[in-house]
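Peer 1: Pulled from TrEMBL, these are the listed features:
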COMPBIAS  7-19  compositional bias 'Polar residues'
DOMAIN    32-166  domain 'MARVEL'
REGION    1-24  region 'Disordered'
TRANSMEM  37-55  transmembrane segment
TRANSMEM  67-89  transmembrane segment
TRANSMEM  101-121  transmembrane segment
TRANSMEM  141-162  transmembrane segment
């Protein structure tokens, strides 16, 4: 029988150390921002902010069409912030019971459809609501342009999230290593 060593070094831990480990696990993942999903979300956030800021700076309350554009832009901007935070801090890995690829695909498809209606509404209302060359005209025209760009960004996100949901171009091992985003 083997002898027990005369000196044994032990380490103890307290419950406060365990609580600190869970807080440090909420560090941002810089790889997400460099991924196509992260870059598209950042683009959607910046362009969406431009859309609703340009509309909000004009007297849009006089025209109901711009109310719809503001609703779509602000609502989708806020939801995109929530998704961005969830993916940036890898909370989608902790909430594994939610089918995140499916949720993200449904959101992106819905956002694309809503931004199509907002873009058409905003573009059709520019000429009718302000004089050509005036400041509100230029701001509303710029908002229409940026709404088109956001619509394209959400469409690209819908395409990529559909591919992620279907598992195109990856297997279980690579999707686990990539953190669930390409």
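Each Cβ is built from the backbone N, Cα and C atoms, and glycine gets one as well.
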Peer 1: Can you name the far-off residues of the same chain, 6+ from the ends of the transmembrane segment (101-121), with a Cβ under 8 Å from a Cβ of it?
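Peer 2: Those are 37, 51, 65, 68-69, 72-73, 76, 79-80, 83, 144, 147-148, 150-151, 154-155, 157-158, 161-162, 164-165, 180, in sequence order.
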Peer 1: With DSSP, how much of the domain 'MARVEL' (32-166) is helix, how much strand and how much coil, in residues?
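Peer 2: Split into helix, strand and coil, the domain 'MARVEL' (32-166) gives 118 helix, 0 strand, 17 coil.
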Peer 1: What is the average pLDDT across the domain 'MARVEL' (32-166)?
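Peer 2: Here the mean pLDDT over the domain 'MARVEL' (32-166) amounts to 93.
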